[in-house]
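Right, one structure below, let's go through it.
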């Protein structure tokens, strides 16, 4: 039993190291930094309109623009990597 557990643990460790070294684990998690708001409040457009507004204001650092409701009012929130 212990030998099987050691083999499984070693295999899992190798898989995690392989995934980390090849960048497989990289996701859009880097896209969680709030850059600011964009456009009018309440924001009248869609997520695509929001992303366009964000790119216009914040440049290439933007990886997502989302219309989110705060207190019943729609806002355009910009998220990026820097």
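Just so it is clear, glycine is given a Cβ too, placed from its N, Cα and C backbone atoms.
Annotated features, as they stand in Swiss-Prot:
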DISULFID  38-63  disulfide bond
DISULFID  50-76  disulfide bond
DISULFID  54-78  disulfide bond
SIGNAL    1-29  signal peptide
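Taking the C-alpha atom of residue 54 (disulfide bond) as reference, the shortest distance to any of the disulfide-bonded residues 38, 63, 76 belongs to 38. Within its own chain, residue 50 (disulfide bond) has 38, 39, 43, 65, 66, 67, 76, 77, 78 as residues 6 or more apart in sequence whose C-beta sits under 8 angstroms from its own. Once Cβ contacts within 10 Å are tallied over all protein chains shown, the disulfide-bonded residues 63, 78 are led by 78. Note on the disulfide-bonded residues 38, 54, 76: the fewest other CB atoms within 10 A surround the CB of 38.
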